[in-house]
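Notes follow the structure.
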C-alpha cells in the first residue's frame, strides 16, 4: 500500500511540474499570419489581436521599402550616438538582435540563482547577440555614428518591462520608503527619481 501511495505522489508531482509549462506557452497561431489593423471593424480577432481579414491580404502587407533612408527618431529607444535601449526584460520571449550598422555595447544579467552575472559584448556590423527569455538586458551605442539593429522575439506577445519606468514610474507610485530601503538610497532621492518618470 505504501508503494502505491509513493507512486501516486510521484506521478502527481510530475504533473504539477509539467502543467505550468503547458499552460504558460504561447498559443498556437489560429491562421497563417496576422496583419495588424488599427480599426477593429476592419478585422478579425485572433489570439488577442485585431488582424486584417486574411482573404484581403496582399504582398504589400508584407513589404516595406526605404530602410536605407534615415528618419528622425521619435521614440525612447534611440541608437543615435550615446543612445540606448535602457535595461528592460521580455518576460515571455527570447530576443535575438542583429547589428546592421554602427557599434553597440549590449548585455544581460543572469538571475539571482546564478549570482546576477553580467554578460556583455561590443557588437560591430553583422554581429548577432541573444538575450535569454525574462532576463534584464540593454543596448547602448558606444560608436561615433548612429547604429541600426534588427531584433526578433520568440513570442507573439513577448511583453516588455522597462526597469526604471516600472520601479520609479508606477501608477500609483511605490512608497518611496520601500524603494529607498531596496536601493539603499535616501527617500528624497527616490522621490526625485519618481518625479522624472
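Including glycine, each Cβ sits where the backbone N, Cα and C put it.
TrEMBL has this to say about the protein:
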- 75, 85, 90, 95: oxalate binding site (BINDING)
- 88, 90, 95, 137: Mn(2+) binding site (BINDING)
- 34-51: disulfide bond (DISULFID)
- 54-191: domain 'Cupin type-1' (DOMAIN)
- 1-24: signal peptide (SIGNAL)
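Features per TrEMBL, on structure.
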{"residue": "85", "record": "oxalate binding site", "Cβ contacts under 8 Å, 6 or more apart": "77, 79, 138, 139, 140"}
{"residue": "88", "record": "Mn(2+) binding site", "Cβ contacts under 8 Å, 6 or more apart": "136, 137, 138, 160, 161, 162, 163"}
{"residue": "90", "record": "oxalate binding site", "Cβ contacts under 8 Å, 6 or more apart": "131, 133, 134, 153, 155, 158, 159, 160, 161"}
{"residue": "95", "record": "oxalate binding site", "Cβ contacts under 8 Å, 6 or more apart": "130, 131, 137, 151, 152, 153, 154, 158"}
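Helix, strand and coil counts under DSSP for the domain 'Cupin type-1' (54-191) come to 29 helix, 42 strand, 67 coil.
Within 8 Å of the centroid defined by the CB atoms of 88, 90, 95, 137, the record's Mn(2+) site, lie the Cβ atoms of 89, 93, 108, 131, 135, 136, 153, 158, 160, excluding the listed residues themselves.
For residue 34 (disulfide bond), other Cβ atoms within 10 Å of its Cβ number 20.
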